[in-house]
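Asks: What TrEMBL records for this protein is below:
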{"type": "TRANSMEM", "residues": "C:21-41", "note": "transmembrane segment"}
{"type": "DOMAIN", "residues": "C:71-277", "note": "domain 'ABC transmembrane type-1'"}
{"type": "TRANSMEM", "residues": "C:75-95", "note": "transmembrane segment"}
{"type": "TRANSMEM", "residues": "C:107-129", "note": "transmembrane segment"}
{"type": "TRANSMEM", "residues": "C:158-179", "note": "transmembrane segment"}
{"type": "TRANSMEM", "residues": "C:200-222", "note": "transmembrane segment"}
{"type": "TRANSMEM", "residues": "C:256-277", "note": "transmembrane segment"}
Amino acid sequence: MRVSKIQKRKRWQGLVGTIYSVAIYTILYIPVLVMMIFSFNNQRYNYYWNGFTTQWYTKLFTNSAVIDSLWYSVIIAVLATVISVTIGTIGALGLKKYEFKGRKFVNNMLYIPIIVPEIVLAVALLIIFMKVGFALGMGSILIGHCTFCIPYALVTIKGRISGDGYSLEEASLDLGANRIQTFINITLPSIMPGVMSAAFLSFTLSIDDIVMSNMLAGSKSSTLPVLILSMNKSGITPDINALTTIMILVIVISMVLNKAIKNMLKKTKNTEG
Amino acid sequence: MKKTISILLTMVLIMGIFTGCADKNTGSGSDSGKSGSSKELNIYMWQQYISDDLIAKFEEENNVKVNLSYMSDNADAITKLTAGGGQEYDLIMTSDAYMESLIKGDYIEKINFKNIPNASNINESYWTAKEYCVPYLMNYVYIIYNKDKSPVEIKSYNDLIDPALKGQIASIDGARNLFPIALIALGYDPNSTKESEIAEAYEWLTKYNENIVAYGNAEQNLVNGTASVALTFDGNASWAMSELGEKNNLVIADFEKDPVQLGFDLYVIPKGAKHVDLAEKFLNYITDPQIMAKNLVEYPYSCPNDAAVEAASDAYKNDPARDFDYKKNVFFQEDVGEAITIYNDYYQKLKVGK
Amino acid sequence: MNRKNKFKRKTLPALAMAGPVSLWMILFVTLPMLYIIYISFMSRGVFGDVVYNFSWDSYKTLLDTTYYKVIVKSIRAAAITTVLCLIIGYPFAYYIAKKPKEVASKLIMLIMIPFWTNSLMRLNSWLLLFQTSGPINRFLQNTGFIDAPINFVYTDGLVMLGLITSMLPFAVLPMYSSIEKLSKSLLEASADLGASRRTTFLRITLPLTFPGIFSSIILVFIPSLGIYTVTDMLGGGKVLYIGNIIKNQFGAIRNWPLGAALSVLLIVITGLLIFIYTRFAKIEDMEVL
């Protein structure tokens, strides 16, 4: 009797949890949905719904400036992710494992980009770049993005390093593997989930960044968020909505494709085996 | 979480294919700034302010690449200019209010008008600091309102602080746009440098602030009915009116005595610009009456280029947003020197509130 | 010999591993920050340039009540956002963490995907949705709930909605990660020993997930203290927070020394809050995801 009561309660709790989560996802996705709908809005700026059109998609393909800036954003985000995760991974291992002078200082410095409002760091970097005559452009934006991504990446990875990995590493070294082999074969696999999370987080932080990119952008091209920020005064044109819609579709397609490819690989493996 | 990387890669690949298709018409005429004729022109200006088609035509005619980048605030342009903007830009858009300081600080080049014969089309009476800039478009900062919804018929700035308008005004922002109207309403010089007067203007603006629904986005808020009154530019008013079309119930406030602000957006060549020849070519191109007239179809702002206005479409000439009779009763933003810090202090106080 | 060996075994790898991150932090965090502090003691030129002679002016300006008010207001808004994000986010993180790993990682990804689109666009969507002639007002009017449209836009409520939707993932991720690490057996043991579910939650779950909650607080509180796009867009630019004020000093108003001084003040305040907090809660490391 008691068991079924518990089961009932569990089921009921599961239902409440599901409803609650669906509600939160709905709130997170409503703006995205509205954005997609308004990509078909027949109006110069998105003031209100004014009828259906697909003209913004055609305009998008003739006006390469918008696409260029998206491409620019994606390149920066990918590079920032790779750099931050690389530096973050070896840095996390180094800071956790080795005792050295100034370790505490570096540890504290890592928290600065997290606790300082982004605008402050952005301005600080801008001033330094101007002082030394470093030309603004992709390089400056990339450095800016890495500066706030590295701490997040490092902290994320550090949280996943457990103490018992060391003995395995020692064993590997004793058995004659060199440090790089040990790193690739032993250390890296053990912290892989953390590395993945860090990559994910870095990419997200970089692709949606406005403050840093706006401060450090040069003359040639700007990231998509900066372009949208400059549109904000007069109004955002629906071709940006069209672009965002395509982006979302690309993400969804990538996920589906990814899954399909994995399934296919599994199948071929199964038939071989 | 493990999939992240592979998904990212797939995404990048797809994006690559996707952008590859659209990339064709940008060409590759990128880096070359050698002697002879320049192949690249870098312009820093407002977004949504020049026709894409005209830029494309200029690129095609001269076989060059024009890089447009955009500011989100007038101060952005000043930051670029004072930080040695010539390194990166050949033309920067700024406004008449800054010209005096820019010349004094030696941040901009004199312009060789021999190479810009079309500049003679520009109305001289509007042209300050003539040797250093080419006016592009101009803006009246005036009041329009919804005649069906606004509880007040607006005839002066003082009508704006009527408590009946609470939460109904959409307004442009910025210390040097807001304080002048308060100073005029109080009967002072709109470019006053006296702290006592600015303090009084601040008191006036706190009442104005009570009536504000939002700063910025005036036309959007007028069109969708969030605001019934707007302090805005005539070009933006034109968009709002044409968006409403037949249903247009927006009217320009019928000012009897108070002057309205007239501001210019103009191009300057920053010190050390690398492609001056092409910059001059471009300035001559956009001051061509036929070209400017086409630009005005897309961006119906007031224009100091008389010949272009003459050549413009009837729709532009009969635009209701420019149909008001106090066009001569204007004031300009002037350099207020050190007093700018007084303005900024009071502006912040205004925005911080209680 | 011995020394050389030690260098090879210890110093070299330490240098190779902790070197890059240390170098990066010194070059791009320490130096710029020192420069910000330096500039905060300079004075402002007529044209908004920095004049390099020592002055306390900027810090004297900060004594003005205006700034005190802004800071108090900003901290209050950030605190409310943080508390709401935690209250909303904890059960959500708990729900996800209790799912099988495979499902949970998908659910986490689903939270982040909206953030790959632009945040300004998402904020604009709220405006389009809630504006006077927008679909929500129209729906309420058509169904007869209201007679005249309600003014949702440019209110504190909408700003809060914007802040929460922008910040929620940063609250959920760390809490998810620490809840996920909770060992099931511990919870079962607690239940077996007769503890009520409430006691188990208060005595076991909550304290053990505290590091995650701590990270959430930092990741939400600090950015919402500095963010200016949300208040600008959804608040109609009527009310300025500390983020707007700092941005204006470096932008429209062009008073870099004052902007720098404000930044220093902000760093001191947040640093102090975190210091007190970590001492009080005895937390060493933060975790993100």
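Every residue gets a Cβ built from N, Cα and C, even glycine.
TrEMBL entries are annotated by machine, without manual review.
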Asks: Please work out which recorded stretch in C:107-129, C:158-179, C:200-222, C:256-277 has the most C-beta pairs separated by under 8 angstroms from the transmembrane segment (C:21-41)?
Replies: C:256-277
Asks: Which stretch from C:107-129, C:158-179, C:256-277 shares the most C-beta pairs under 8 Å with the transmembrane segment (C:200-222)?
Replies: C:158-179
Asks: Residue list, the transmembrane segment (C:256-277) vs rest of chain: Cβ under 8 Å, 6 or more residues beyond ends.
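Replies: Result: 33, 36-37, 39-44, 48, 50, 55, 57-59, 61-62, 67, 71, 75, 214, 217-218, 222, 225-226, 242, 245-246, 249-250, 283.
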Asks: What parts of the chain pack near the transmembrane segment (C:107-129), using Cβ distances under 8 Å and only residues at least 6 beyond its ends?
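Replies: Hits for the transmembrane segment (C:107-129): 96, 99, 135-136, 153, 158, 161-162, 165-166, 168-169, 172-173, 176, 229-230, 233-234, 289.
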